[in-house]
């Protein structure tokens, strides 16, 4: 006769008050305050290091069990958050809201219409665009890319339609087969409304900016734009990056801050030319070990993420790194100084900034070590 599985450990539900709302959290009865903080991180976006839990007027000590501090089923706990110690865009509160991109665009367009009359593209001579190779239509109250643009064909090197209300990029983008820079920042482009098939036909493209749109995913076909050197996808709602991003061997700059990215594919190690990466204000808990393959990396910002450690031998492998921003993560200066290769990294960045240090004015100018001090005991 088979023995029955052991019963699950007993649990309690704690009512946590934070940001104008009450959050019920189920935890094992034997849990510690540190365990409760880890459970609260995805529910509040506040890093455990930035949480102070108070029950019945007493601060809960991390290492102590909840039961030893008289926290029982139904207990009410108040969460106080340290400023700046959060992942993503900020702590999740009752009144947290991000204005819909379409609302923001509509407001921008309305202001533009007040300041100037609508751009009458039909009166703009496409011949001038062809002569200069540049189409500059930013802040032009556009809801779509004008048809006249596609007729310019291979004459165009730069297309800038940023800060409009454009909702789609059609297949006709393929007609701009000599395009090098495509600036689509601050529009209303959502998943499925951009012809990636058309974009992959533009093999001359080196700069693509899709920041401040409504993207949730990027397709695998992104990896087919093989000459891309700069990719800007900040301020969207991206939850991940496609595995195929590792095919972008020439990519030098990746700006993907203020999204909802929870993990990175290990294939990112294939982006061997990367020298600047901004992944700040996302939901990352770790960086893949393959980050160590980025031997040309000079600047990395992962501010306001849930990171607790760096890849092994990160400082040793990324031997050109001189700028690192880990503020608002679980990695403090004390932790950072224990990482192998930190001394060499510190020497490189201090050498770069030596002139600033030599000519600093007053005692308030302090060299930024790249991470926070440990606030846990404040």
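Backbone N, Cα and C define each Cβ position, glycine as well.
Among the ranges 85-120, 121-156, 157-192, the one that Swiss-Prot lists as region 'Disordered' is 85-120. Counting only same-chain residues 6+ beyond the ends of the repeat 'LRR 7' (272-293), those with a CB under 8 A from a CB of the stretch are 42, 87-89, 229, 234, 249-266, 299-314, 316-318, 320, 325.
Taking DSSP states H, G and I as helix and E and B as strand, the repeat 'LRR 1' (129-152) has 8 helix, 3 strand, 13 coil.
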